[in-house]
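Novice: First, the structure itself, so that you have it in front of you.
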Amino acid sequence: MSDAPLVFAPRPADPPPPSTIGVVGWMRANLFSSVPNAILTFLGIYIFYVVVSAIVNWALVNAVWEAENRRQCLDMVGRSGACWPGVAAWIPNLIYGLYPKDQVWRINTGFLILIAWAVPLWLPRVRSKVAIGLSLVLAYPFLASYFFHGGQQTLVWTALIALGATAFAWTWLTSLAEMRFGLGFGPLVARLFGAADDERARRIGWGALAALYVLTFVIVSQLDFVEVQTRFWGGLFLTLVISGIGIAFSLPAGVVLALGRRSEMPLIRVFCVTFIELFRSVPLITILFMFNTMLPLFLPEGVEVNRLLRAIVAVCLFASAYMAEIVRGGLQAIPKGQYEAAAAMGLGFWQSTSLIILPQALRIMIPSIVGNFIGLFKDTTLVSIIGLFDLLSMSRAVGEDTRWLGLFIEPFFFITLIYFVFCFLMSQYSLNLERRLGEGQRR
Amino acid sequence: MSAAIELVGVSKWYGGFQALKGLDLTVAEGERVVVCGPSGSGKSTMIRCINQLERHQKGDIRIHGQALTGEPKRDAPILRETGMVFQSFNLFPHMTVLENCTFALSWVKQMPLAEAEAIAMSHLERVRIPEQAKKYPLQLSGGQQQRVAIARALCMAPRIMLFDEPTSALDPEMIKEVLEVMVELAGTGMTMVVVTHEMGFARTVADRVVFMDQGEIVEQAAPEVFFSAPRYDRTRLFLSQIL
Ligand SMILES: Nc1ncnc2c1ncn2[C@@H]1O[C@H](COP(=O)(O)OP(=O)(O)OP(=O)(O)O)[C@@H](O)[C@H]1O
Ligand SMILES: [Mg+2]
């Protein structure tokens, strides 16, 4: 039979030439592809080696780990090695400032509560994440300020602290209930009581919350923390307080200002534009100075605003003005058709803004928002200028201690690491967030 | 019985430029009207005035006999009887197809989620893409996106559907799948106002063709009359250019 089809037998695949794969291939392609490239590679390696070995020698190899004072360090290694005992002796102050040693547990507990409050936001199957996030931003400050500041409780004060404590308890009860039973805390209690209809279930849910509030109120009123005035606050603790409040305040305030700037009501628009432009065109240092020295002049006689509060207000206003412009940029990137589609389906302004526009805009803006947070975190070092002992000024105080006189570089090195770790984590988290939120929705 | 849509002397200015010059138009219930005309003639402006995406400055608009007042709160229930489909789809990219459809049901009509999803799925089946419900809009083709947009509008159970050039951003084979859905919709007796240059659609589906130029309605007639014996020179010129 002459017309039987030919059989096609595929040839086995050859391996790629060895010079193009593996470590050697990669190095040949990227580091030594030409003579100038090779020279640059060697130069780069050399510079890297010189810098890193100098740092390692100073910070680790030649460093002194045990000494009574700086004199002993200098006698042992001179200036060729770091004198870490000075930093170690000051670590409590670098972290807590002049906060009384026997009260430091309150700061730690306060921050642990913050972390515990935020944990449900990352837990799977927790559905009330928006409510939890809001409760955190709105209610945690009351709880935290009592832990950090303490002092006499008035009735209103106790009520607010109990509100914070209730919100915290609710967060965990509702998270556990949702993870275990797929129901929030209120509905779960209603189920246990066998509520007949929605209306009764809702009433039982609120009743349970009220009971929780009464309980926390009783507990909170038993607490008796001695007052620690803010002039004893300092170090990393103070830095975190200022930047934390600045961050938590500036995002919502920025959104409000940005919306105001686009408002059709002239009065609101003019106010927002003036505010934003004013605060954006003045350096933060100037604003801090203004608030510190001039604010008392405008206030009535006898009204004293705490120095820390003045700094926090200044930082918040400054950060919100910047945030407002970032948010406005994000809002502008959303096509008009999105508003129109929402309006055509009968959504009002607030619904379409909060559910359609902002979620999209905030997603685009994550990198700039986190960039702004990082900037804010580092800018808090400026408060040292108006006499607050943040991390930076605390590190300078080490070298003024008579035992460690002149020890400046080591504490700087140490706080540089602290700043780096915080900023690096923020930036990594933002990259991660961006990747996760963008899944399936890239244009 | 009152008309579905009634425009009486509707004028609209953008700054000093008059985009609509005293339009009069009545659309009966269940009627299918195709609007055509050259670019810039005011077709979009008219259809956007009907559901108040643009506010007209003069004249009256009545939907099922109820006049629009220009006051968002009072107009909202009246406007809920209209649904709109846009040239650029305008789906919400951060929500899945299903969420796009259930969204307004939950937030405007306060419907429980399960019920809203059942309604959404029934409309997605109607436009023949139930299997895409869990995807995000930008993972779909243009034709599929436009069909989702139609389903999304239908979920709100409007009695009037407005289309503003629903197929002009699409490739030819996708135009067909969208037009098929629209023809089917016309078969259900829905009142429809469609701005389009698809004259085949106008011929087979429309009860009436409206021709606009320079913010005015030049002429309107049943499609067989409109295409075979247009009365105005302007209409003839337009038809000679697009046919
Ligand atoms: N927001 C606006 N501001 C100013 N002028 C506008 C605006 N929208 C439309 N116009 C003008 O109004 C006129 C009518 O516009 P419209 O969009 O209604 O036309 P159209 O018939 O839909 O055209 P096309 O076929 O290009 O969509 C045009 O001259 C246009 O330039
Ligand atoms: Mg148009």
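Here the Cβ of each residue, glycine as well, is placed from N, Cα and C on the backbone.
Annotation comment: TrEMBL describes A:236-426 as domain 'ABC transmembrane type-1'. The transmembrane segment annotation in TrEMBL covers A:38-61, A:82-99, A:105-123, A:130-148, A:154-173, A:204-223, A:235-260, A:267-288, A:308-327, A:364-392, A:404-427.
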Novice: Which listed stretch (A:38-61, A:105-123, A:130-148, A:235-260, A:404-427) has the most C-beta pairs under 8 A with the transmembrane segment (A:82-99)?
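Specialist: Comparing A:38-61, A:105-123, A:130-148, A:235-260, A:404-427 against the transmembrane segment (A:82-99), the winner is A:404-427.
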Novice: Pairs 6 or more apart in sequence, C-beta under 8 angstroms, 3 or more of them: is that satisfied by the transmembrane segment (A:130-148) and the transmembrane segment (A:38-61)?
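Specialist: Answer no: the transmembrane segment (A:130-148) and the transmembrane segment (A:38-61) share fewer than 3 Cβ pairs below 8 Å.
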Novice: Against which stretches of its own chain does the transmembrane segment (A:204-223) lie, if we need a Cβ under 8 Å and a gap of at least six residues from its ends?
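Specialist: Answer is 146, 153, 158-159, 161-163, 165-166, 169-170, 173, 184-187, 189-190, 193, 195.
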